[in-house]
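Quick look at what Swiss-Prot annotates:
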- CYS3-CYS17: disulfide bond (DISULFID)
- CYS10-CYS21: disulfide bond (DISULFID)
- CYS16-CYS30: disulfide bond (DISULFID)
Amino acid sequence: AFCRFNGQQCTSDGQCCNGRCINAFQGRICIG
């Protein structure tokens with residue numbers, strides 16, 4: 001599965017390259 005970088009939208013399983021997935025105003029995004 002692909003992973004997302006910080007500031008990008010999380011994948012369906014919430015996988016981030018680093019950091020974690022949070023619920024942001026514009027949807028679920030990865031943060032460090």
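Just so you know, glycine gets a Cβ as well, placed from its N, Cα and C.
Local packing around the Cβ, expressed as the count of other Cβ atoms within 10 angstroms, is greatest for CYS16 among the disulfide-bonded residues CYS16, CYS21. The Cβ of CYS10 (disulfide bond) lies under 8 Å from the Cβ of ARG4, CYS16, CYS21, ARG28, ILE29, CYS30, each on the same chain and at least six residues away in sequence. Most Cβ neighbours within 10 Å among the disulfide-bonded residues CYS3, CYS17, CYS30: this distinction goes to CYS30.
Secondary structure at CYS21 (disulfide bond), as computed by DSSP, is strand.
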